[in-house]
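Engineer: A single structure is presented below for examination.
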Amino acid sequence: MANSGLQLLGFSMAMLGWVGLIASTAIPQWQMSSYAGDNIITAQAMYKGLWMECVTQSTGMMSCKMYDSVLALPAATQATRALMIVSLVLGFLAMFVATMGMKCTRCGGDDKVKKARIAMTGGIIFIVAGLAALVACSWIGHQIVTDFYNPLTPMNIKYEFGPAIFIGWAGSALVLLGGALLSCSCPGSESKAAYRAPRSYPKSNSSKEYV
């Protein structure tokens, strides 16, 4: 049976990673303009996120614009949107389930085996959430690399990895590790019932002498 310290560590890591995924989904710095060419204007920096695109001037002023049409977005951006939302929803559900199964809480009854299985279920949901976010960040990251090295892409519209992708990768790793630690709460092959010693019966004395 996993100890409560391991469960608390796993839950804390997963929750911290989930908060990172929220920040990654919200901020617009998924793609940032590249400065790889000689004719790149550095007076402004352009960013693309899941919900908006922004331009930052050299003075520090930032102006953002929401995307006009969802259908006009690239497939990678649409898929990343969906996967990140799924990851956040699953992460919230996993926190609720894991809280009921942790040893340091009184939710879920006093049955230790049952609570361990609930915590393990929460850990598995965390793992699924982390995988969804990892796929989302890797998908759009692959698209950025493909477009960057595509010779047909003009130099002035090439983008590089933004901070949001790295935050998403870090958050995914924390959620996966936290979910794995919570999954160690599995009771395994231990039986709920305690071991019962075999009963001993008195030997019958069939050769008892009769007077």
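Residue numbering: from 1, along the chain as shown.
Note that Cβ sites are derived from N, Cα and C of the backbone, with glycine treated the same way.
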Engineer: Taking the topology from Swiss-Prot, would Ser4 and Ile118 be on the same side of the membrane?
Structural biologist: yes
Engineer: With CB pairs under 8 Å as the measure, which of the listed stretches 82-102, 120-140, 161-181 comes out on top against the transmembrane segment (8-28)?
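Structural biologist: Answer, by Cβ pair count: 161-181.
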Engineer: Averaging the per-residue pLDDT over the topological domain 'Cytoplasmic' (1-7), what integer do you get?
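Structural biologist: Across the residues of the topological domain 'Cytoplasmic' (1-7) the model's pLDDT averages 68 on the 0 to 100 scale.
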Engineer: Are there residues at least 6 beyond the ends of the transmembrane segment (120-140) whose Cβ is under 8 Å from a Cβ of it, and what are they?
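Structural biologist: Here the qualifying positions are 10, 14, 17-18, 21, 24, 30-31, 76-77, 79-80, 83-84, 86-88, 90-91, 93-101, 165, 168-169, 171-176, 178-186.
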